[in-house]
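Quick look at what TrEMBL lists:
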TRANSMEM  68-92  transmembrane segment
TRANSMEM  153-175  transmembrane segment
TRANSMEM  195-215  transmembrane segment
TRANSMEM  227-243  transmembrane segment
TRANSMEM  255-279  transmembrane segment
TRANSMEM  332-356  transmembrane segment
TRANSMEM  368-385  transmembrane segment
TRANSMEM  441-461  transmembrane segment
TRANSMEM  468-487  transmembrane segment
TRANSMEM  515-540  transmembrane segment
DOMAIN    600-664  domain 'CBS'
DOMAIN    697-755  domain 'CBS'
């Protein structure tokens, strides 16, 4: 046996792992983090800083800096997210108008900015000014006639194709992760999954640039969802500057939750709605501390955007409105009908879009992303141009649909027949009979509604940045405005009916069609995303009207009920399942009566579980086991005969530990004994130095017995964010259940193919 003196002499060599080495505790791409270990490491780090802070003034200052680093990161995220959102808004405004014409005094001015600076603009012709010229006026000096219309039509399509082609090419070449909405992936990342590069600097840069291009191209998509992705990229960048966040994936996800709130804050100008959106829709782990920091990040982002003032109306969004008429109880019926429409539209959209995306994945169509974008853009531009409601940007369309018709409105939707004897204040115009412009607008809106419903199904999910909030709101706003005008005319022509008699007298301003548009927008957005609380708060922050919370709540709840009747998944959950991300949704219920023994591996007839023993395997044995298997970790047992559980060792950390030991320790060779105990095993004389790997061993892996109900196991995986859980009986190891095993089992119980939902 090796004598005590020899053992003591080699003690420093064997225990070199008592000091941390590079990359320990990090994770490989497309793997899930261990929430419990990250929490434990952060607690240890905090305890160490607190104890050191009492030693000297410098250590105390360092502890204060560490405590404040979270707020500094939030401040930086808010500033950058707000600035990027402002720049995107200004660039989209200019490039959207560039498709129709150019400003002669300064080509970088949008149509509105150009006419602001002109001294020759009159109130009656406020949309026309000599400084702004359409392409036909500039090129052939004609503003009217067939040739001018055809030239403008052709150039509109060319600009749209140019923008879309540039966007899809940039995404394809520089940042493939910049495509799509980003919210399904961010939900997955926040649940603990690692997708390297998804929140990287290139993705941030390319997504910002291409977002401007695709929104300007006139495609049926919005910038709101991708802005959440952009804000999370900002959060990831700033968290990498502070070791507190860069070295702890759990802490990093707290920052990303707050960044998501800042993204919605600048997308809708709704800071409180942003915090609730992060809490309700995106985040997996949301402690109270993250709530405060999310609130601060959303506040700074909104303040920054307000300072830039991209829309020139001192508001945070383009479609801010104020209504002056209260709503009446009888109107709840059409509001609820709009909720039903929103739920049905949400169900139709999710089913059709997922079917199309699945077809894209499984057929040759997916091999030609550039061609697909070009074809969809061409179809969109060709059909959109003739209709004034689809030609303009979707945000401007929503703004017009939300607006209440005042005395100064020039929109077709406000072409009512006025009473010449009317002497009312401007804000209180009574209901009037609809003029020819309103009926024309109704037809155009009906055609635009059908077009938007169909084209959005094919647009969302292409290889370009594409948000869903704005197209969904546009569909609902168009349906709502038409219903509102219908109710308004019904109330005007039949004010003696019993339902109108109590609240709609002749000459009164009873019905606000813009409010119906807003309720319809909320209903359709709720039907697609299944948001409720955050949706209502976002919509009320958009309008600044507390008075209209009840109609919004009624529509949002109805749309969710109706949509849930056809399927529980919102669009983001559906895309998570389509891509097979390992996401355990906390909203899903597991009600089947199965046990841990039904799910654990190995099952009957399978090879026994690959395990490590505490002190009887050599370095070569461990390396062979790692090479021959692709498991993420191995249980450590006393011996293969007893199978009494000691702990769990991660694959990545075993590889790194052995690699470091070979580099830094001369005595470690292939036949060195690996031991996980506190004291080294007794070895024959002249045997090579053993290798102690106790430091990388998790001595308290989560275990359940073989008779634990799967309902409990699923709950444990959800609430503790586990990667794996070991199954034992009386301390003896029986098997292992991983997160993917749980997901496969849940799919099997729901009669789905368990392999089709796994990420590849």
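Any Cβ shown, glycine's included, is placed from N, Cα and C.
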Secondary structure composition of the domain 'CBS' (600-664) [DSSP: H/G/I, E/B, coil]: 24 helix, 17 strand, 24 coil
Close approaches to the transmembrane segment (68-92) from elsewhere in its chain (Cβ under 8 angstroms; 6 or more beyond its ends): 208, 211-212, 215-216, 223, 227, 230-231, 234-235, 238-239, 241-242, 244-245, 255, 258-259, 262-263, 265-267, 289, 293, 296-305, 307-311, 318, 393
Leading stretch by Cβ pairs under 8 Å, where the reference is the transmembrane segment (441-461) and the options are 195-215, 227-243, 255-279, 332-356, 515-540: 332-356
Stretch of maximal Cβ-Cβ contact with the transmembrane segment (515-540) [cut-off: under 8 Å; candidates 153-175, 255-279, 332-356, 368-385]: 332-356
Composition by DSSP (helix, strand, coil) of residues within the domain 'CBS' (697-755): 22 helix, 19 strand, 18 coil
Most Cβ pairs under 8 Å with the transmembrane segment (153-175), selected from 255-279, 368-385, 468-487: 368-385
Stretch of maximal Cβ-Cβ contact with the transmembrane segment (195-215) [cut-off: under 8 Å; candidates 227-243, 368-385, 468-487]: 227-243
Intrachain residues whose Cβ lies under 8 Å of the transmembrane segment (227-243), provided they are six or more past its termini: 69, 72-73, 76-77, 80-81, 84-85, 88, 181-183, 185-186, 189, 199-201, 203-204, 207-208, 211, 251-252, 255-256, 258-260, 262-264, 266-267, 282, 301, 465, 467
Intrachain residues whose Cβ lies under 8 Å of the transmembrane segment (368-385), provided they are six or more past its termini: 153, 156-157, 160-161, 164-165, 167-169, 172, 217-220, 360, 391, 451, 455, 458-459, 462-464
Rounded mean pLDDT for the residues that make up the domain 'CBS' (600-664): 89
